[in-house]
Each structure stands twice: as structure tokens, then as C-alpha cells.
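What TrEMBL lists as domain 'Acyltransferase 3' is 8-313. What TrEMBL lists as transmembrane segment is 7-27, 47-68, 89-110, 130-148, 155-170, 176-195, 207-225, 231-248, 269-286, 292-315.
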């Protein structure tokens, strides 16, 4: 039951990530390729961005807890590092060098030449695009596994508060090797870990469906009043994650019956790896021919459908190749 809940969360979050990476092009600040501002799409972007990546990290923490506490995995630290390196860092370097870098340089989204791009954004990870998540998650896994036994014996509330303040001040750290991201998201990994340990109590607490209305209302209120405040960002993310989890609890028996759910479940990691560059290429042509000016919402829907199909096709083709599974961490 736990595994199913966590899998559904990963699938829903993958879909939200793709949606937000598309609508962001029409939001204030825009994406890599600037499009005309649209209020509705900007709001959707702000809404999803307020919790989607914290949720990805959070569910990773929950799965880590489930594996190490329920399934008794990860006892061999050396083997744990090797597995996580193959799962996260091998795709990071392969996709970064042979997929992300060529697209970024060819479309001139970056001013760096390929050599400097690889040095600055792949090796130093200053701006690894969406691949920052892989680097960050890998080192969070290593840190948490290193201190797992000590954490279990410590005052976990104190550790949680400490990680909250580390997260709050994480932007003061240098912007290399994802130091900011690792420091910021350790808090959410810890939340995910504790969520798994206390899932039964949380489910009982959320048992009455009226909570979804209350949590949803609070969450939307935070988003509507959204300003750049790190403490508010952290609180908004936690409320958003709890609200989405309650939605999934209520609808999961319907979600798992949808045919496309199984496809996305199977390819969710590959979709995450490949979708941004597909979006960049599509928006490059949309802007070049002026398609995105009059009907931005229709354009976003079309790009979403094309991106999802193309990403899953990429994964399917890569799985057929001799060493393809290395690319997608399998």
C-alpha cells in the first residue's frame, strides 16, 4: 500500500513538472525562450512551482525510509553508493553532455561554448538545468545514509528545526556543486522520511475528507499571496504536498485504472530526463513561426501532449540499445 501511494505521487509529480516547465514560458520571468506573458499560465506555474520539486525530494525520503526500515535494504554503504551513482550520476553526466549541452548550445540558449558549458554547468553544476535534481538527490541520499543511525537516536524534532534553518539560509552558500540545492532540500527529504515513519497516524489524521478543503484553501491562499520569502516558500511547499497527498488518497483507486498511468509509471524517470529539451525545441519553432502569440493555452496543451509522447518514445528506443539502460539509470 505504501509503495503504491509513493508511486502515484511520483507519477502525478512528473506530470506536474512537465506542465510547469511548459507554462513557465508564459509566466513572469519566463523560460529559456521568452514568450508573451499570460496571467493564467503564470498562476499555474507559480502554483506548481511552489511545491512540485520539494514533493519529489520528499517522496524520495519516504521511499528511502520504507526501503531501509521496512525492507531492510541499504545495509552495505559501499553498495548503496554504487547503486545510487548508477541510478543518478551516470544519467546526470551522459544526458548532460550528450543531450542537454548540444540542445542548449545549438539553440543558443546559452552564451557558453560546449567546452565551457560542460565545465561550468555539468562538472561544477552551476546551472545543470533540470539535471540539478539528480546531483542534489544523490548527495542527499549519501548524507542521510551516512548519518542514518545517529539520526535515529537523536531528537528528530530538533534535527527538523535545524534543517529548516539550514534550508532558510541555503541561498548564502556558493552556487557550485549544488550546495544551495542540497542544503535547501535536506529539510524536505527529512520530512519525507518522517512521513513514512508516521504514515499510519497521518492517514488517520487526514481520514475525514473535509481536510482536503481546509488544506486546499490554506494552500491556495498562500499561493495567491505569494511573495519571495524563503520561510513562506517552505511553509507553502509543505502545505501543498499535504494537500496533493490527500487528493491522491481519495482518488487513487481511480488513478491506477487509467491506462496511461501505467505508461508514465514505467517511464517517469526517463520522462524527467528528456522532456525539457523537447520543450525547448518545440518553443523555439513556436516562437520562430509566431504560433504561440494568439492561443497560448492551446499551444501549451499541444506541447504537453507532444512532449509526453516524444519522451516515452525516447525511453523506449533507448531501452532497445545495448547500453541504453545506463542512460536512464536502469
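Cβ atoms here come from the backbone N, Cα and C positions, even for glycine.
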Using Cβ atoms only, state whether the transmembrane segment (89-110) and the transmembrane segment (269-286) have three or more pairs under 8 Å that are 6 or more apart in sequence.
-> yes
Sequence-distant residues near the transmembrane segment (155-170) by C-beta distance (under 8 Å, 6 or more away from its ends) are 179-181, 183-188, 190-191, 194, 230-231, 234
Sequence gap of 6 or more, Cβ distance under 8 Å, 3 or more pairs: do the transmembrane segment (47-68) and the transmembrane segment (176-195) meet that?
-> yes
Best-packed against the transmembrane segment (130-148), counting Cβ pairs under 8 Å over 7-27, 176-195, 269-286, is stretch 176-195
Contacting positions for the transmembrane segment (269-286) when only residues 6+ beyond its ends and CB under 8 Å are counted | 14, 17-18, 21-22, 25, 31-33, 35, 91, 95, 99-100, 103-104, 107, 109, 129-131, 133, 292, 299, 303, 306-308, 310-312, 314-315, 318, 327-329
Other parts of the chain folded back onto the transmembrane segment (176-195), taken as Cβ under 8 Å at six or more residues beyond its ends | 53-55, 57-65, 124-126, 128, 132, 135-137, 139-140, 143-144, 156, 159-160, 163-164, 166-167, 169-170, 202, 234, 237-238, 241
Could you pull out which residues elsewhere in the chain have a CB under 8 Å from any CB of the transmembrane segment (7-27), counting only those six or more residues past its ends?
-> 33-38, 41-42, 44-46, 48-49, 52-53, 55-56, 59, 130, 244-245, 248, 252, 255-256, 261, 264-265, 268, 271-272, 275-276, 279, 283, 292, 296, 300, 303-304, 307-308, 311
